[in-house]
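K.L.:
This is the structure I want to talk about, given as structure tokens.
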Amino acid sequence: MEGALTARDRVGIQDFVLLDETTDAAFLSNLKKRFSRDLIYTYIGTLLVSVNPYKELDIYNKKQMETYMGINFFELPPHIYALADNAYQTMLTEFDNHFILISGESGAGKTEASKKILQYYAVSCPSTTLLNTVRDKMLMSNPVLEAFGNAKTLKNDNSSRFGKYMDIQFDSQGDAVGGHILNYLLEKSRVVHQNHGERNFHIFYQLVEGGEDDLLHQLGLERDAQHYNYLTQGECAIVSSINDRNDWKTVKNALQIINIEEINTNHLFGIVSSVLHLGNIRFESNSKGQAVLANNDELRWVSNLLGVDARSLQEGLTYRKIEARHDQVLSPFTVDHAIYARDALAKAIYGQTFTWLVNRINESMENKDPSRKTVIGLLDIYGFEVFYVNSFEQFCINYCNEKLQQLFIQLTLASEQEEYEAEGIEWEPVQFFNNKIICDLVEEKHRGIISILDEECLRPGDATDLTFLERLEDKMGNHPHFVTHKLADKMTRKTLERGDFRLLHYAGEVTYCSHLCLTRQNVLFFSLLKLICQSKNAIVKECFSTMDADSRRRPETVATQFKSSLLKLTEILMAKEAWYIRCLKSNESKQPGQFDEALIRHQVKYLGLMEHLRVRRAGFAYRRKFDVFLKRYKPLCPATWPHWRGEPADGVEVLVQHLGYLPNEYKMGRTKIFIRHPRTLYATEDAFEKCKHELGERTSAVYYQCPVFATTKIETCWRGVQARKEREKRAWAVKVIKKFIKGYMNRGQAKSSDNSEYLAFVRQNYLNRLKNHLPKTVLDKTSWLPPPAVLTEVRHLLSRYCVKKHSNIFKGKKESYPQSVAQPFMDTRITSNQTHKPTVFHSVFLQYSVPVIKYDRNGFKPRPRQLVLTQTAAYVIEEAKIKQRVLYTSLKGISVSNLTDGIIVFHITCEDPKQKGDLVMQCDHLFEFLTKLCVIANKQNAVKVVQGSIKIEIQAGKESAVDFSTGHEPMVYKAKNGHLMVVRRVLFLMMTSCVLSALP
């Protein structure tokens, strides 16, 4: 990353955070510079900006994938593989869940980005036959979902007309073992209406163009899309970039791979055909103005394909059934009402079938192993949309983007603040636009736009755009982000129609047509719903089986359903670590090499990229670990070059002082240096580049002055070094062999300098053999491997080693287990002169005692205590006072983490709300204590080693948890979410520090 700064004038900067100026012009200039060199990826911190090049680039092959595997995020140029790999590696290291949010306009490359990530995981994750099957299903779910959920629009020939969230499940080894998909807001209105230049969903054309003759005959279809009303409104059934016949074969093959049985495949195509036949049902008006069918042929096909009674279907499409007490009245439809009912039925059937298809894909990818999985979620969702006419779909899409922007800023700010606090850097408040006011405007109960839309749809009579607008103006007339023709000033009124309302979103103004917002809420009439619930088509019957056809309650509107699903999605995302990909269209004509600045500026604004950049740039633009910074720039200071012998932090301080950094230009954290301005880093990098050239020139000059002499000198020195090493190696070998022979000859004598090393070797060799031949129980004193005669004291030592029992519980499960094996167990950890026994213990035989830290149930305040084990119970003691008694019969379980901490949780049966709940303690002798407890209380099967959080019951009905994370210093504290947070020191760092401290 830093090395690329020297070429910034030519190829731009790889991370927008390092721009010297955070202006729109500087942002676009950098983007254009990189795009002109086919560098389509750029970072904003850990956010990836991707510009669609509209051409194939040779940057997605297997070699590229291998290049980015396991590499630090900023070590290589920006790439979607770098983001995917870092999300994966972080998930494995921290064992927590992540999600990647992919957003952008239609045609910006969101679906392709999602495919690239899936392909990367398919190659980079470990491979088995089972895992390959799972991956095949994940990859082949794409063509199925694209066929049923994608369509040609004015902006994109393969536009996703639904939001998709896919969880990829990984086991503890990092293998992809399952998946799950959630879908949001399928654009069902497209089934019955398409704008000029657009198509219906791909599957309709694939079936008509690619279906076998026999299949079309069975479904009553003709091989001509122009024959169907639902396929001709956009007047572009044939598209040069789409091969419907080939896509049909791909979809049929994919349906087999995701385990859709042949009978269900036939039912599925029957439903698709029924929608086409429904669209061809035409109505005429009789002399009374009532709707009647113009032709019964299409009705009969719908009846056959859906397995419903033809007469009841005709009645449902032309009459509304009104129930008044015990009577039923049939109210005839007008032609408009009949078309409304027909279209509502078509949309309901297709929408429910799409949901069924997603559920079947989930079943095929489901992993039934109950062990805990971590996930990486992929959220491929529409970006902010502004068209000439904006309807209900744009309203929902933009509301979704408001919620995601709110989440985006919250998570970004939280991430930044967390890093600052961890490094001990004072957090500087960031000024940003809080769009909660707009989210409330849309979703607030009883006052938001969605609530008013619901009320308008529910009220008696026909809802109109005027009554809807009047309600909006009445409820939110003074809201600063809401404008109508009536509420606007004279200048704004010229840009608004009387039936429109305008919202001032975080990304800009959007004008919505209130009439289209109302018409998109149409729901299925009860008579038709009741009829469809009786369908003999297995898929239709399953889809509508959960609906109560006899309920008099009006179904939720589409807006309310979307609001509920969006809130659930937000909850899912809030529980995961976030990664972001923002996709941009380079031009509207989809031509390679064209960079439309006006279009790009529009997308940068609507995706909130400048807002995100300002949040990332607040405070310090650049931060790096001390050792990384020092390793790169140490040639710039004589005191640090060529080697710095002290702490990296001290070396960095010396280096920046030599470079002349001002106090306000940088801050020293606990593990990182923070640099405020990019220009400071630019100057440092330019100086480093100059220094490299000078060092190279100096070395070359010396060498070329005397090439022969230099060559001879180097050869002589090298031979001398090798000879000295060989001599030292031989002398060392002779010394060791002599000492070993001497030790063997004196092995029966008392320990001395002559035999001490030999005896240590014998002891080590015996212990290595012993670890594979341990007794089956702690109490077994007879089956220990006999020690050599020279180790007369080994019996005494072995009687105090209780390794086998807790090895069964902890071996291979808890990280600190290997270091504990060499530590002998003690009979007790608290002697009689260290504590006063309560009077209750005078007549009780004490089995074991140990000091612990007990954490209060309310507030998790640490309390030093002593834990005493007897034959029947465990006692928590403060000096001579018993604070709590835990009978072994009430101890239903014991939990510890798989990490290096000493946290122990006693899960206690808690039926009475006044009774104390689970006991949370920290013990320095965890293995010894739990082994003693297992033997005394016979609780060998009660100890569970848990990966992730440990759930605790504070009292009956009230739960909390103990969470774990890693850090450079161990600590235990109450987290903001109310849980107990245990920060354990990374085992690798602990081991490293131990090794370094042992070095001379």
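Keep in mind that glycine also has a Cβ here, set from the backbone N, Cα and C atoms.
The structure displayed is predicted, hence computed values, not measured ones.
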K.L.:
From the ranges 520-542, 566-588, 865-887, pick the one that TrEMBL records as region 'Actin-binding'.
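P.N.:
Comparing 520-542, 566-588, 865-887 with TrEMBL, region 'Actin-binding' matches 566-588.
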K.L.:
Where else in the chain does the region 'Actin-binding' (566-588) make close Cβ contacts, counting only residues six or more beyond its ends and a cut-off under 8 Å?
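P.N.:
Residues 31, 35, 46-54, 80, 83, 86-87, 90, 96-105, 107-110, 113, 155, 165, 182, 184, 375, 377, 379, 383, 399-400, 403, 407-408, 411-412, 415, 594-596, 599-600, 603-604, 607, 609.
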K.L.:
In the same chain, which residues outside the set Gly104, Glu105, Ser106, Gly107, Ala108, Gly109, Lys110, Thr111 have their CB within 8 A of the centroid of the CB atoms that define the ATP site?
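P.N.:
What remains near the Cβ centre is Asn52, Asn156, Ser159, Gly383, Cys583, Lys585.
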K.L.:
Counting across all protein chains shown, how many other Cβ atoms sit within 10 Å of the Cβ of Ala108 (ATP binding site)?
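P.N.:
Around Ala108 (ATP binding site), other Cβ atoms within 10 Å: 24.
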K.L.:
Take the domain 'Myosin motor' (11-689) and average the pLDDT across it for me.
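P.N.:
When the pLDDT values over the domain 'Myosin motor' (11-689) are averaged, the result is 85.
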K.L.:
Got a sec? Which of these binding-site residues, Ser106, Thr111, has the most Cβ atoms within 10 Å?
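P.N.:
Highest number of other Cβ atoms within 10 Å: Thr111.
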K.L.:
Cβ-Cβ under 8 Å from Gly107 (ATP binding site), same chain, 6 or more residues apart: which ones?
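P.N.:
Long-range Cβ contacts: Asn52, Lys155, Asn156, Ser159, Lys585, Lys590.
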K.L.:
Where DSSP helix means H, G or I and strand means E or B, what are the helix, strand and coil counts for the region 'Actin-binding' (566-588)?
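P.N.:
The composition, in the requested order, is 9 helix, 9 strand, 5 coil.
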K.L.:
As a test of the contact definition, list every same-chain residue at least 6 positions from Gly109 (ATP binding site) whose Cβ is closer than 8 Å to its Cβ.
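P.N.:
Sequence-distant Cβ neighbours: Ser50, Asn52, Cys583, Lys585.
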